[in-house]
Amino acid sequence: MGYKVVVAGATGNVGREMLNILAERQFPVDEIAVLASRRSLGTEVSFGDKTLKTQDLATFDFTGWDMALFAIGSGPTKEFAPKAAAAGCVVIDNSSLYRYDPDVPLVVPECNPEAVEGYAKKNIIANPNCSTAQMVVALKPLHDRARIKRVVVSTYQSVSGAGKEGMDELWDQTKAIYNPTDDVEPNKFQKQIAFNVIPHIDVFMEDGSTKEEWKMVVETKKIVDSSIKVTATCVRVPVFVGHAEAVNVEFEDFIDEDEARDILREAPGCMVIDKREDGGYVTPIECVGDYATFISRIRQDPTIDNGLNIWVVSDNLRKGAALNAVQIAETLGNRVLKKG
Ligand code: 2RA
């Protein structure tokens, strides 16, 4: 016996990846419903070798469905997640709406799988932001060994994090560079993204940081350890898929680069590619379609007593969103619902 699974937002970048990953990992699905807003109604999406027609999110009855993977943004989530949860369907939500709610677990299964057991207060489990998910996969095993005090991270985030419109804007602006009769003004992004980088993701906060940076601080604390201090600079780069992060970590205890490399080699979800030679590291384009969080450039930070620098790269649509949501569904199934 398997699960009755709903994917809401099935026509978007993340919703489509959720369907791909459910099929790839042979998640035990008895029945699946794919939902979309009225605008995309009737659009067909693939699930393994099947083609499914989207149904209307606004009128769907969640009664009798086990889990719903939501990838619809905070606005619609506010309306539909409580409806699904009240109907007894556990919502695994990719928006930021519930991430900071103390009654909602925020889960990265490699780091805090036990947290799914707290789902029942609201019948909702939150999926973290993409930039946090890949970073904590790399940090947790190091924290378990040497206790992290402080993290300084700079991100290089691909345009797919801003959805299909972000990808279209990079594509159109890039073409326009070679065809000067086209003039593609910034729309999704604040400045030209083609052949540029933009130190601004999500809205500005009062202290001058952006909400994307704030999310990395708050989510790392909730998932790994509330004592860890994080400071982040989040930057959009002209890459279609794959986020990269340069992470400086300060520990309480000494840990040398060789031991860190060995720990990360064994850690769940991590793949170490770290050769000190030309090309001996992973770049975003190489991680597309993969499940792993890739870690390269592991080296001592000689400016502090117990410090390391690492380079962390992952497919933001997968580990940063859809894969993590499916892993939460698997964890919920294995630890709690036990149907599959
Ligand atoms: C971004 N963090 O890359 C967002 C997506 N969740 O814009």
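Cβ coordinates come from backbone N, Cα and C, glycine included.
Taken from TrEMBL, the feature domain 'Semialdehyde dehydrogenase NAD-binding' covers 4-119. As annotated by TrEMBL, NADP(+) binding site applies to Thr11, Gly12, Asn13, Val14, Arg39, Ser40, Ser160, Gly161, Asn316. Taken from TrEMBL, the feature phosphate binding site applies to Arg99. Residues or ranges marked as active site, acyl-thioester intermediate by TrEMBL: Cys130. Look at TrEMBL and you will find Gln157, Arg236 tagged as substrate binding site. Annotation source TrEMBL lists active site, proton acceptor at His243.
Positions of the features from TrEMBL, shown on the structure.
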residue: Thr11; record: NADP(+) binding site; contacts (Cβ under 8 Å, 6+ apart): Ala36, Ser40, Thr43, Val45, Thr54
residue: Asn13; record: NADP(+) binding site; contacts (Cβ under 8 Å, 6+ apart): Ser160, Gly163, Lys164, Met167, Leu317
residue: Arg39; record: NADP(+) binding site; contacts (Cβ under 8 Å, 6+ apart): none
residue: Arg99; record: phosphate binding site; contacts (Cβ under 8 Å, 6+ apart): Leu106, Ala126, Pro128, Asn129, Lys215, Val218, Glu219, Lys222
residue: Cys130; record: active site, acyl-thioester intermediate; contacts (Cβ under 8 Å, 6+ apart): Gln157, Gly161, His243, Asn316, Leu317, Lys319, Gly320, Ala321
residue: Arg236; record: substrate binding site; contacts (Cβ under 8 Å, 6+ apart): Gln157, Val159, Gly161, Ala162, Phe189, Ile193, Val197, Ile198, His200, Ile201
*asked:* Taking 10 A as the limit, how many CB atoms besides its own sit near the CB of Ser160 (NADP(+) binding site)?
replied: 25
*Can you tell me which of Thr11, Asn13, Cys130, Gln157, Arg236, our recorded positions, come within under 6 Å of ligand 1 at the Cβ?*
Cys130, Gln157
*According to DSSP, which kind of secondary structure is the residue listed as 'active site, proton acceptor' found in, if we only use helix, strand and coil?*
strand
*Would you work out the biggest C-alpha to C-alpha distance among Thr11, Gly12, Asn13, Val14, Arg39, Ser40, Ser160, Gly161, Asn316, the residues that bind NADP(+) according to the record, and give it in angstrom as a whole number?*
26
*Around Asn316 (NADP(+) binding site), how many other CB atoms lie within 10 A of its CB?*
30
*Give the residue from the recorded positions Gln157, His243 that has the most other Cβ atoms within 10 Å of its Cβ, counting over every protein chain displayed.*
His243
*By DSSP assignment, list the helix, strand and coil residue numbers for the domain 'Semialdehyde dehydrogenase NAD-binding' (4-119), in that order.*
38 helix, 32 strand, 46 coil
